[in-house]
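**Q** Structure incoming, see below.
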Amino acid sequence: MKRIGVLTSGGDAPGMNSAIRAVVRKAIYHGLEVFGIYQGYNGLINGMIKKLELGSVGDIIHRGGTILRSARCAEFKTQEGQKQGIEQLKAFGIEGLVVIGGDGSYRGAKALTDLGFPCIGIPGTIDNDIPGTEFTIGFDTALNTVIDAVDKIRDTASSHERTFIIEVMGRGAGDLALWAGLAGGAETIIIPEDSYSMDDIKRRLLKGHERGKKHSIIIVAEGVMSGNEFAQKLKEATNMETRVSVLGHIQRGGSPTAADRVLASRLGSRAIELLLENRGGLAVGIEKNKIVEHDFSEIFRENHQVDLNMYKLSKELSI
Ligand code: ADP
């Protein structure tokens with residue numbers, strides 16, 4: 001293999017730039033030429049492809065977002081779109097591709113591999129919802145952003161003796177809500193992976209009240225319902241007035257944490273090693289602090305699991 005490509009696709013995540021840098025530098029270190037594909041699969045179909053040098057990825061390890069930009073591309077879900085993509089890659093002499101993104105982006109990468117073009121996936125999403133890895137690039141940074149917000153909201157919640165409902169991202173996964181709730185000392189965490197009981201929440205709030213606690217933080221994962229919807233349900237059940245804070249897209253931005261930069265560097269490096277071994281159809285990940293790889297088909301067979309022991313612990317610590 002002499003030339004490889006790299007693209008970012010789907011929702012952006014902090015640390016994607018650190019991963020691009022690792023891919024480019026490791027590839028050049030091993031004598032490969034690297035091409036950046038701009039705007040995800042959309043740019044692949046349309047030939048938005050440019051050679052990257054060592055300097056092209058200078059000064060980006062600490063920047064949020066992705067210098068290659070990201071996009072969603074419906075056309076790429078068709079075989080026609082995928083074949084067009086392969087034509088573009090061939091026109092540039094590119095023989096292998098690294099795709100940094102989430103589950104949807106992996107499906108595109110698998111489709112290309114099935115058509116004979118080797119691709120490696122790197123998990124980049126704040127949702128931490130990809131099987132085959134304990135952590136995705138961007139999760140740690142988003143978690144720290146949420147914690148920062150929770151700590152600030154706690155100040156005003158306690159000054160005004162209020163109950164706050166904080167809606168956090170995560171799509172169908174509860175990881176961000178769970179980790180943020182545990183790290184931020186939330187009294188209640190509501191995640192899609194487990195049911196909740198309004199009676200139990202009511203009992204907890206009353207118990208807290210009885211021991212003089214007048215404020216409370218409730219974290220709701222967006223995959224369950226919106227913060228406003230939950231506030232309405234809580235009001236119907238308890239007649240309690242609450243304040244709702246929807247953190248929104250700030251969770252996707254910002255400079256990646258050290259943990260995300262290191263993870264991105266390790267995963268990016270492994271992706272290149274695999275392409276150098278002429279292997280494709282794999283996604284890299286981290287398990288027990290070791291870099292691993294799994295077949296895309298294996299990843300699609302599994303469902304992401306949230307750590308329910310941690311969920312139990314969060315309940316035990318917030319009695
Ligand atoms: P993420 O990668 O963050 O999960 P999306 O689900 O939006 O984000 O997927 C990103 C892009 O991946 C889509 O816009 C599309 O171009 C491509 N993609 C998604 N699903 C498929 C599929 N089944 N086959 C081929 N390409 C897909």
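From the backbone N, Cα and C atoms, a Cβ is placed for every residue, glycine too.
Where the annotation comes from TrEMBL, it is an automatic prediction and has not been curated.
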**Q** Looking at ATP binding as recorded in TrEMBL, which candidate out of GLY11, GLY15, GLY31, GLY36 goes with ARG72, CYS73, GLY102, ASP103, GLY104, SER105?
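**A** When TrEMBL describes the ATP site, the candidate it includes is GLY11.
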**Q** Given that TrEMBL assigns THR125, ILE126, ASP127, ARG162, MET169, GLY170, ARG171, ARG243, HIS249, ILE250, GLN251, ARG252 to the substrate site, pick the one from GLU187, GLU193, GLU222, GLU273 that the record assigns to that site as well.
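**A** As annotated by TrEMBL, THR125, ILE126, ASP127, ARG162, MET169, GLY170, ARG171, ARG243, HIS249, ILE250, GLN251, ARG252 share the substrate site with GLU222, chosen from GLU187, GLU193, GLU222, GLU273.
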**Q** Write down the one residue from ARG3, ARG154, ARG203 that TrEMBL lists together with ARG21, ALA22, VAL23, VAL24, ARG25, GLY185, ALA186, GLU187, ARG211, LYS213, LYS214, HIS215 as binding ADP.
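**A** Looking through ARG3, ARG154, ARG203, the residue TrEMBL assigns to the ADP site is ARG154.
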**Q** If you count the C-beta atoms lying within 10 Å of each candidate's C-beta, which of the recorded positions ASP103, ASP127, GLU187 ends up with the smallest number?
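**A** Checked ASP103, ASP127, GLU187; of these recorded positions, fewest Cβ neighbours within 10 Å: ASP103.
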**Q** If I take the alpha carbons of GLY185 (ADP binding site) and ARG252 (substrate binding site), what is the distance between them in whole Å?
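**A** Computed Cα spacing between GLY185 (ADP binding site) and ARG252 (substrate binding site) is 22 Å.
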**Q** So which of the binding-site residues VAL23, ARG72, HIS215 sit close to ligand 1, that is, with a CB under 6 Å from an atom of it?
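**A** Only ARG72 qualify.
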**Q** Across the whole of the domain 'Phosphofructokinase' (3-275), what does the mean pLDDT come to? Round it, please.
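**A** When the pLDDT values over the domain 'Phosphofructokinase' (3-275) are averaged, the result is 96.
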**Q** Round to the nearest Å and give the CA-to-CA distance linking GLY104 (ATP binding site) with THR125 (substrate binding site).
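**A** Spelling it out, the Cα of GLY104 (ATP binding site) and the Cα of THR125 (substrate binding site) are 11 Å apart.
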**Q** Taking the Cβ of GLY11 (ATP binding site) as the reference point, list residues of the same chain whose Cβ is under 8 angstroms away and which are at least six residues distant in sequence.
**A** SER70, GLY101, GLY102, THR125, ILE126, ASP127, ARG252
